[in-house]
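These notes concern the structure reproduced below.
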């Protein structure tokens, strides 16, 4: 599903930021409002595309779960086959809310509002300091469905799907207070730009996911223990790497705003500042992982064999963080100037 979700998120962020900047520069702001809400064709376009993509992903994942297991190299007689296929089938029902929520998050980021996606859900439960009630609900349901009810991997999938619908509903509710979700104006040029830019990023995402899928497939062919160790490395590497993604998204929105207004001097300041912070962030993350990798991997399992395999990847997981930080930041900057061709 990341094949389409990642491009949609990044493109929505840039398009909304650019459209916002152009509207603020316009003399007639009333032209872009309807019943007190902003009318942004880029928002309604991204949400419509998200709904269509989400439904398509759900169908493909639910129908083709067995085929996808074959691609990753998990044989029919493997102990991993049944749980993996069950998890993927249930998770397919969560594809529509995930894609729609990503489009909504891209819109908020385009507004340079990174707080609403972080805690908007929490305030409905009188918990303004909880980062995400959806994540909290997911964790609670995991404990209930996996252990007392004995649903295992399927229970984890159901818990995730329920939390994803909650997140999507609340984000859309918040967004509806600011923007017309169904715009009376249809900008078909935006639709073509989404497909053109998205096509470039999809090609890039295919290459990235192809590499990860190949690595996962090779690990799966080695058996459950090597596969488990590999997945611990992947999850820790990805979680820490995505910390710098927040910096990239901030830089993307700021750069898109200034660049679309031809404020090139300020745009350069954004570029230099974000690059410096990215470089300064990557090395401390590498040191943190090198020192704390054993403790972090111990949160996943107590199996000595699995942990031994996971620990063998410490140097790569930690050493790649400075490169990851710069790569994520550069991605955000290229997206900010809508240079998707070079980024791809």
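In case you wondered, yes, glycine gets a Cβ from its N, Cα and C as well.
Since this is a predicted model, take the numbers as computed values, not measurements.
The transmembrane segment annotation in TrEMBL covers 47-68, 88-108, 129-147, 153-173, 193-216, 236-258, 270-293.
Within the same chain, residues 236, 240, 243-244, 247-248, 250-251, 254-255, 258, 311, 314-315, 317-326, 328-330, 332-333, 336 sit at least 6 positions outside the transmembrane segment (270-293) and bring their C-beta atoms closer than 8 Å to a C-beta of that stretch. Long-range contacts of the transmembrane segment (193-216) within its own chain (CB-CB distance under 8 A, at least 6 residues past either end) are made by residues 2-4, 6-8, 10-11, 15, 45-46, 49, 71-72, 227, 230-231, 234, 338, 340-341, 343-344.
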